[in-house]
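> Before we start, here is the structure in question, set down as structure tokens.
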Amino acid sequence: MTSTVDTPADAARPTPPSGLVTVARAPGWVRYALLAVGLLTALWLPNGLYPAVAVDILCWALFAVAVDLLLGFTGLMSFGHAAFWGTSAYVTGLVAIHLGLPFPVAVLAGALTAAALAVPIGYLAVKRTGIYFAMVTLAFAQLVYYVANEWRSVTRGENGLQGVPRELFGLDLRDDYYFYYAILPIVLLGLAAAWRIVHSPFGRVLVGIRDNPARARALGYPVHRYKLTAFVLSGFIAGLGGGLFAVGHRFVSLDVLHWTTSGKAVIVVVLGGIGTLWGGVLGAAIVVRLEDWLSFSGFEAIGLVTGGIFVLVVLLFRRGIWGSVAALVTRWWAARRR
Amino acid sequence: MTGFLQNTFNGLVSGAFYALLALGLAVIFGMLRVVNFAHGAFYMLGAFGAYVLLTEAGVPFWAALVIMPLGLAVVGMALERAFIHRLTRLDPLYNFLLTFGLTLILQDLVKLRYGVQSSPYQTPSALAGSVDFGVFDFPTYRVFILGFAVAVCVGVWWLLTNTRIGMVVRASTERPELTQAFGINVGRWVTPVFGFGIGLAGLAGVLAAPMRAVNPLMGADLIIVVFAVVVIGGLGSIFGSVAAGFGIGLVQAWGEAYLSDFPIVSQTIVFVVMAVVLLWRPAGLFGREEAPA
């Protein structure tokens, strides 16, 4: 590569910005080995963990990847993604209860509704950047929360939606163990879609916008429209996770829309590593497992622990787990080749 | 007409809380470029502190009104030195996340010790009863809150515009490097200003104790409304934050009174206003467009 032409498609950066890039630059066999390990872990998971926890990890993995798509690859921190996760959970629950459709159809309906909701919210929110974007998305998510809280005839208010069925062509999915394998293909599809988005020309433009919006604009890219598209796609993926979460728990409560849920999604991504995509999956597994363990051992102040993790990660460990490991491996690799 | 005046008055009273909280957020943001998520938690600590002081040490309201803001300002300053300071050179998002984590910790600590149920706080006897304004009368305590909050806001305004400290703070808000180049030690003022903002949140909390239910989550949802308020007013603008605070209080009270068939309106109107402002003036009513990031 002797060309000095700098296009957003290969936006030159002095250092690899993220662990994902490190992985993409790794030799082929490393990437395939990582993929194989990931898939085998996913297949084994409900045998090693309580299956209900494994189901939660899958849902939260989608949620985290959706948030990282914006935070890591578009440079927008949404602090209101519970709006999409929760809206989809409610719509999925309502469709499954009232229409008795197979759960994947209900989840799709929920995710599409979430994406539709992401259009107006995203349209307004992308007018601001940085910290303002976080505050605006947070505020709109709270609006959705209040609406759900007041609209008791549909959402049942504080009682929540109960008895969301796990209908799938008469298969018996009441056991969480089998349900895990029923949703695994959907989750993998969602994760693959996120990977595809990041590695598409569209995704490269997003990274270009993240790194230098002025230049992207000067090159003729409609920055707002790109950001909005990313926001809607992210809302859809978060919606997939939220819908599966509703079916997984067979219950939807107002918690799914609360700002603490939005915050938890961001914690998961930062812990895993911003801009690493798969780091979010790892973060989801750790946080979900930890919270389950804490509530199982009767510890009431879960916020104390998650908040503490958050403070420590932000202060000491900003690259996150995946980012730190990737940086270590890169350094080792570079030293070996010298 | 009487009803209208009463609603307007109540709107101004709840606006006073928004204004005090938004003012603290704006002062902190101006100096540190930090959006303090924990502001609602410090408001809660102010109210809880007043409650604990009264029930466990018999400290009266008036003393708490001095002790809590000062005490929390010291806590805030320690916090700034210990944590926030380390992250101010980085993307402001990191401090937002840090203070979010602190919020969860503070809320759960209070919850562990005192549970989630609300505790009543007796209105101080000097402010019990009501004031007769001729055509209607108002609870004395609310009149006091309104007067007090307006006095604080005017006082801060005077401090910023008429004193040397205020001048330094304003200059470092606008052009930190240039102010530094003039030989003014900007860093020296960062910690006190953060403490001051936290103190304002604590003050609002003490004022709220006799009027609102004191519980560990009282600041949790409030802070998000205050975020919307500062987006409406323009986060960089101190005047805008205060004006938007009172304005939103009014709009909410009127919405509650005249659209009482739709209880959803008073809760959500602030977000609708925010949406309209974002469409019309993305930088906020009194804000200036930030440099394209």
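Just so you know, glycine gets a Cβ as well, placed from its N, Cα and C.
According to TrEMBL, the protein has these features:
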- B:12-30: transmembrane segment (TRANSMEM)
- B:60-80: transmembrane segment (TRANSMEM)
- B:92-110: transmembrane segment (TRANSMEM)
- B:141-160: transmembrane segment (TRANSMEM)
- B:189-210: transmembrane segment (TRANSMEM)
- B:222-250: transmembrane segment (TRANSMEM)
- B:262-280: transmembrane segment (TRANSMEM)
> Given the cut-off of 8 Å on Cβ pairs that are 6 or more apart in sequence, determine whether the transmembrane segment (B:189-210) and the transmembrane segment (B:141-160) share at least 3 such pairs.
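Taking Cβ pairs at least 6 residues apart, the transmembrane segment (B:141-160) and the transmembrane segment (B:189-210) are in contact, with 3 or more under 8 Å.
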> Out of B:12-30, B:60-80, B:92-110, B:141-160, B:222-250, which stretch touches the transmembrane segment (B:262-280) the most, going by CB pairs under 8 Å?
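The listed stretch sharing the most Cβ pairs with the transmembrane segment (B:262-280) is B:222-250.
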> Are there residues at least 6 beyond the ends of the transmembrane segment (B:141-160) whose Cβ is under 8 Å from a Cβ of it, and what are they?
9-10, 12-13, 16-17, 19-20, 23, 27, 123-124, 127-128, 131, 166, 169-170, 200, 203-204, 207, 210-211, 238-239, 242
